[in-house]
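What follows is a set of notes on a single structure, which appears directly below.
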Amino acid sequence: MRWSGAVLAGGVSSRFGQDKALYIYKGRPLIAWVLDSMAGASERLVIANRPYPGLEVYPDLWPGGNTLSGLHAALAHAREDWVAVAACDQPFLSRDFWLFMLEHARAGIQAVVAVSGDLYEPLGALYHRSLEGEVLRRLEAGNLKIQALLHDIPLITLDKRALEARFGSYLFLNANRPQDLP
Ligand SMILES: Nc1nc2c(ncn2[C@@H]2O[C@H](COP(=O)(O)OP(=O)(O)OP(=O)(O)O)[C@@H](O)[C@H]2O)c(=O)[nH]1
């Protein structure tokens, strides 16, 4: 199956103190690790509101809605039906992880997402392009919570602990601050 990859990098890294997408971790920018995990995608988009030289950058189309703006732009710019969406600060996502997620994508659902208790992992998840309209409606209404969006749509959930056991305990780690990185 063909799929698009989208890395959200339109945040302001206020907790990190510098543009975290470009922070050098184990010799490479954080965003490079995330893009590498999407090597199997037919396209890899960076969703941001500033240029990243050498990368295909697409802007938010409805700015001001935090990660929901990024998700909306990812779905709007992607050319494949299924879109792998990650944050720029998730260096432990992997190719095998995305392939496993894609195995669960099927007709009639709009997302494949890890869950722990009643908390979803909205970044490091697959979304169907058909969600674009619903996401836009929520942006227009100021209803920016991705947890609420996921609660309201047909989706497949995968157990977060089981995914971490299989793909690494840091799988979903996102670095809000440099010291969050192992
Ligand atoms: N395209 C886009 N991406 C966003 C937006 N807001 C946050 N992101 C991205 O979404 C991911 C998760 O957001 P946060 O961890 O809160 O990142 P951040 O906003 O840069 O960091 P803080 O300022 O410390 O909250 C990061 O990869 C951000 O770059 C936005 O408005 N548009």
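Each residue, glycine too, has its Cβ placed from N, Cα and C.
Residues Leu8, Ala9, Gly10, Lys20, Asp60 are given by TrEMBL as GTP binders; from Asp81, Asp89, Asp96, that same site also lists Asp89. Long-range C-beta contacts of Asp89 (GTP binding site), restricted to its own chain and to partners at least six residues apart, with a cutoff below 8 Å, comprise Phe16, Lys20, Ala21, Tyr23, Leu30, Val34, Asn174, Ala175, Asn176. In terms of DSSP helix, strand and coil, the domain 'MobA-like NTP transferase' (5-141) has 45 helix, 37 strand, 55 coil.
Close to Asp60 (GTP binding site) in the fold, though at least 6 residues off in sequence, lie Gly10, Ile47, Asn49, Ser69, Gly70, His72, Ala73, each with a CB less than 8 Å from its CB. Packing around Lys20 (GTP binding site) is summarised by its Cβ count: 26 other Cβ atoms lie within 10 angstroms of its Cβ, all protein chains included.
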